[in-house]
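Working notes for the structure below.
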Amino acid sequence: QGCLPTRACCGEGAGHFGAAMLFLLRALQGLSAGGEVGSIATYFAETAPRGMLARGTATVMICAILAFLLASGVVELVLLALGPDRMMLWGWRLPFLLALPPGLVSFWGRSRLAESAEFLAVAEQQAQRESRSEHAQCPTRTVPTSSADAAADNSGTQDHSKRPRPHALLRDHALSVAVGFGCSLAGTCAFYLGIWAVHHTMQGGLAESQVLLVAMLTMATTASTIACWSYACDKHGGSDPFLGAGLGGACLAVAGVPIFWALASWPGHLGVAVVCLCGCYGIASGLALGPLFVLAVDLFPAELRVLGYGLTLNLAMSYVGGTASVVAQALDGLHPVAPGVYVASVGGLSAARAMVARCWRARGLLPSYVVPAKGPIEARHEAASV
């Protein structure tokens, strides 16, 4: 992307080609990242030490936010070093080129990760089922002498491996898909709408450097909140994702309207922007985002986990988070507080869904497929027994 032609260097036709290729490559980059993040979150959940499930999966979101923070800092440094004119002429290429070395390191490390024990066990079970299925279809197979023998001989041959995985997921885990998507609405909407809100303060009179400061502080607050939530959840909550998702959604439902009312009442005021966005909004967003990764992987068995993640959190991130800034911009034209009403409504919806899902799990209607973390009582009992 950093080597694409532009109108300034190569003429009008090359500039149109470069713009089209940039759009295409960015779309492919987003598609690749969206497909990989589900695998990474699943891997972290399956390899996290017992008692660190929430912290293990929350690391994915913390690293993503820190990457946004680092990227913003790099762009600002390049802009300060080169100036606006040279930045627009050729300096915009540097952040793209600087991303190549860490990308190669990530690719090298990713290719050398050992598969998790849970994944290997599932792969072995599927191989055994396929072997039994091939044996059952062999013409030289032994004819069963009883219905019991036939049932035993056919065990495993009618499993999910014979159905397309999306069909198996939607047929057997439709409730989990609906719950995962609904609980993800608040966090995904808050993340992208927060980016819009920070940059929208520039229209209120904040300088570009002040907007960048607010953006970096908001991301830092969100990442810190996720880290604190995951630690508290592992230590005292048994890694229950629904409690955290409900709390985050409720915070957004309560704080959404007051935050945007304050921003509209004191436009261009740095202190108000710091308190409202860096403080209140950053904390509420962190509480809503923190549980999402462990929630998405906890709802599905290992053989369907990555696909389930894609149909819940990834879809919510794409269709709700991806359109949040567009919706906020349209609502802002109606009333400055309308974006706050929108994020509050989405937060309330997610909070309600999370609390209902928690009741369903208590009744056994929504199983957990990830080994839960040790609660404090269990840990004390184990220590006492030793």
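Cβ coordinates are placed from backbone N, Cα and C, and glycine is handled just like the others.
Look at TrEMBL and you will find 139-158 tagged as compositional bias 'Polar residues'.
For 128-165, the entry in TrEMBL reads region 'Disordered'.
Under 8 Å from some Cβ of the transmembrane segment (60-83) lie the Cβ atoms of residues 37, 40-41, 44, 91, 94-95, 98, 209, 212, 215-216, 219-220, 222-223, 226-227, 289-290, 292-293, all in the same chain and six or more residues away from its ends. Feature annotation from TrEMBL assigns transmembrane segment to 60-83 (among others).
For 89-109 (among others), the entry in TrEMBL reads transmembrane segment.
Counting residues 6+ beyond its ends, the transmembrane segment (174-198) has Cβ neighbours under 8 Å at 211, 214-215, 218, 222, 241-242, 245, 248-249, 252, 260, 263, 273, 277, 281-282, 284-285, 288-292, 295-296, 299-300, 308, 311-313, 315-317, 320-322, 324-325, 327-329, 339, 342-343, 346-347, 349-351, 353-354, 357, 360, 365-366 in the same chain. Residues annotated as transmembrane segment in TrEMBL: 174-198 (among others).
Feature annotation from TrEMBL assigns transmembrane segment to 210-230 (among others). Tertiary neighbourhood of the transmembrane segment (210-230): same-chain residues 54-55, 57-58, 61-62, 65-66, 68-69, 72-73, 76, 191, 194-195, 198-199, 201-202, 244, 270, 273-274, 277-279, 281-283, 285-287, 289-291, selected by CB-CB distance under 8 Å and a gap of 6+ residues from either end.
Positions annotated as transmembrane segment by TrEMBL: 242-264 (among others).
Annotation comment: TrEMBL describes 270-294 (among others) as transmembrane segment.
Listed as Cβ neighbours of the transmembrane segment (306-331) (distance under 8 Å, sequence separation of 6 or more from its ends, same chain) are residues 34-35, 37-39, 41-42, 165-166, 169, 173, 176-177, 180-181, 184-185, 188-189, 191-193, 195-197, 200, 292-293, 295-297, 299-300, 338-339, 341-343, 346. The annotation transmembrane segment is assigned in TrEMBL to 306-331 (among others).
The annotation transmembrane segment is assigned in TrEMBL to 337-356 (among others). Remote same-chain partners of the transmembrane segment (337-356), defined as residues 6 or more beyond its termini with a Cβ less than 8 Å from a stretch Cβ, comprise 179, 182-187, 189-190, 193, 196-197, 242-243, 245-261, 264, 284, 288, 320, 324, 327-328, 331.
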Original post:
What same-chain residues lie close to the transmembrane segment (242-264): Cβ under 8 Å, and 6 or more beyond its ends?
Top reply: 54, 183, 185-187, 190, 197, 201, 204, 229, 233, 272-273, 275-277, 280-281, 283-292, 295, 336-352, 354-355, 357-358, 361
